[in-house]
Amino acid sequence: MINRQLLLTYFYLLIYICLSSGVILYNKWVLSPKYFKFPFPITLTMIHMGFSGVVAFLLVRVFKVVTPVKMTFQIYATCVIPISAFFASSLWFGNTAYLHISVAFIQMLKALMPVATFLMAVICGIDKLRCDVFLNMVLVSVGVVISSYGEIHFNAIGTVYQVTGIFAEALRLVLTQVLLQKKGLTLNPVTSLYYIAPCSFLFLFVPWYLLEKPGMEISQIQFNFWIFFSNALCALALNFSIFLVIGRTGAVTIRVAGVLKDWILIALSTIVFPESTITGLNIIGYAIALCGVVMYNYLKVKDVRASNQLPGESIPERVTKEWKLDKKSSDIYTDDSNNSNNAGNIAGAAASESIVGDEEAPLLPSSRLTYTGRSQVSSRTA
């Protein structure tokens, strides 16, 4: 039974790695002027949001697979709208970067995500400036600078777009944690898309109308329904695969899988897109940045485990609690009446932070999401 559950866990991890890499490569292929020749990233993002919103509406309102939460206008205005705005911005800027820089270099720049998240958390007052974490952030930044210096096809515009998208995503993560904790709102992936996707679609409409609509009227575009349908379907499947991975693994496993996925994606991108060239300086810089990311991940997990240990506990009790905490980090469930659950809540945010940067996951990397149950999800997704 244990081996079966372990195999199922690795199977979910494999699905996540394949879908995550596939969506990124697929988006690059669609947007690239050398391949599918559809250089309209806002339009592509709106297609994703529209498709996800329709599917979520059908699951919530028509088939009633998921029960909607009690959403008041105040909560929607103060929580959903600002989160949707930064979510839409992160996808917009991130997808636009595909027009200017390679997938490999984009993945290297995404190593800045812990830096951006830490800075936003400190600015918003939910984290403290610590010397050890700050040194790790400096190490990550130095690695990214070295990797950028070694990039043969360096493009300043694409780099600015990607870095801006990273900081927008970091601010969205911090706002998600702060606002949802304040309101006590719990959302699963379906209800997240149900509320976030339509709002993000509306936010993207304004820049689309001003920036892309005139160009789409001039250029000759052949709209292939099956290409865009399969692309949006893969993005939606990625969202649910992340949910399944978080539900079955712990913080350390998710972070290791994230690092493995990045290396696989960098290697695959050079095969799928031969024009992408990786230099030795790229690899050295990215390796330095990953060392900082790994140390940052270690400190986060160590802090969570330390906060959950009581002085009077025996060693076996601590080992048992650490194992439960590592599993709780995947459940992303919170209960403010219990300190150990608060620690697990923090662990949930830490675990899911390793998979941010993946497209179409609006609310999963937060600490106020409810895990509806593995058996229920398995039966519904089968």
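Heads up, the Cβ atoms here are built off N, Cα and C, so glycines get one too.
Unlike curated entries, TrEMBL annotations are predicted automatically.
The following features are taken from TrEMBL:
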TRANSMEM  7-26  transmembrane segment
DOMAIN    11-297  domain 'Sugar phosphate transporter'
TRANSMEM  38-63  transmembrane segment
TRANSMEM  75-93  transmembrane segment
TRANSMEM  99-126  transmembrane segment
TRANSMEM  133-154  transmembrane segment
TRANSMEM  160-180  transmembrane segment
TRANSMEM  192-211  transmembrane segment
TRANSMEM  223-245  transmembrane segment
TRANSMEM  252-273  transmembrane segment
TRANSMEM  279-299  transmembrane segment
Closest-packing stretch to the transmembrane segment (252-273), where packing means Cβ pairs under 8 Å, from 7-26, 75-93, 133-154, 192-211, 223-245: 7-26
Paired segments the transmembrane segment (99-126) and the transmembrane segment (75-93) in contact, 3+ CB pairs under 8 A: no
The transmembrane segment (38-63) versus listed stretches 75-93, 133-154, 223-245, 279-299: most Cβ pairs under 8 Å: 223-245
Top partner of the transmembrane segment (75-93) among 7-26, 133-154, 160-180, 192-211, 279-299 - counted as Cβ pairs under 8 Å: 160-180
